[in-house]
Amino acid sequence: MAKTYIFGHQNPDTDAIASAIIMADFEQLTGNSEATPYRLGDINPETKFALDHFEVKAPELLSDNLDGREVILVDHNEFQQSAETISDAEIKHVVDHHRIANFETASPLWYRAEPVGCTATILYKMYKERGFEIKPHIAGLMISAIISDSLLFKSPTCTDEDVNAAKDLKDLANVDLDEYGLEMLKAGASTTDKSAEELLDMDAKSFNMGDYVTRIAQVNTVDIDEVLNRKEDLEKAMLETSANEKYDLFVLVVTDIINSDSKILVVGAEKDKVGEAFKVQLDDGMAFLSGVVSRKKQVVPQITDALIK
């Protein structure tokens, strides 16, 4: 049996890493003994906390050419967010909770996308539907992914299904959701030991928005000013990256995980459109966005609409 490569998006967050591991376990339970999780970037501190807590080994960094290889995508579908050779791969299955864009295949496939807050929530449902046993460490990874994507159930992307899945799994994983969740989020919120380039690359995705290519990075923190005090270095790095990668717009979203607000820093010729998107006036390229925490639901659609109208 040929190997099946399973991976989430570039600059992986906790859901991307956890869902790759979970999906590989699910596939193995179906009889696919060669299902193997991979990652498309470094493990961030939040994810490392979760992996260490549940004693799970991090997936190997993907380096293989995927030409003709069988792959399963989790937590993404857009090719610009995926592996470099994804267009040459044989995509067999996708499990995701994002918009569908810049995605096509030569052959039919299994595609499961649901409007929930986390890919791991969909995977939880898949285990239940098949009557598969959920191992304690798999339960822990599911919980970690849900807490990460929902910011401990505060994000507007969070649904009752996400909350109920986490509650159903907590005893199996042997964790208190609030206590463990806050510890995990704080583990990923330290920014003082990272360069501007590292901050911008921690959780960043590229999006095709009409005729524009937009890069949106998000940094979770307990102190927004701690991040934006480095505005000059961040802007310089954003401009350099935009020039090298030909981004029309680069938006940094700095999110306060305690108070559930964000500030944005924007560079690019179309940056005034970002102000229009949120009905705010950018001040030196920055603006405060009250109650905004979700890139998927509160940032991407708004900027897309502003750019294409």
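Keep in mind that glycine also has a Cβ here, set from the backbone N, Cα and C atoms.
Counted within 10 Å of its Cβ, the other Cβ atoms near His9 (Mn(2+) 1 binding site) come to 26, all protein chains included. As annotated by Swiss-Prot, Mn(2+) 1 binding site applies to His9, Asp13, Asp75.
Feature annotation from Swiss-Prot assigns Mn(2+) 2 binding site to Asp15, Asp75, His97, Asp149. The local packing around Asp15 (Mn(2+) 2 binding site), expressed as other Cβ atoms within 10 Å of its Cβ over all shown chains, amounts to 31. DSSP gives Asp15 (Mn(2+) 2 binding site) a helix state.
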Most crowded position, judged by CB atoms within 10 A, among Asp13, Asp75, Asp149 as binding-site residues: Asp75
Rounded inter-Cα distance in Å - Asp15 (Mn(2+) 2 binding site), Asp75 (Mn(2+) 1 binding site): 7
Cβ packing number for His97 (Mn(2+) 2 binding site), 10 Å threshold: 25
Non-site residues, in chain order, whose CB comes within 8 A of the mean position of the CB atoms of His9, Asp13, Asp75 at Mn(2+) 1: Gly8, Asn11, Pro12, Asp15, Ala16, Ile17, Ser19, Val74, His76, Gln81, Thr119
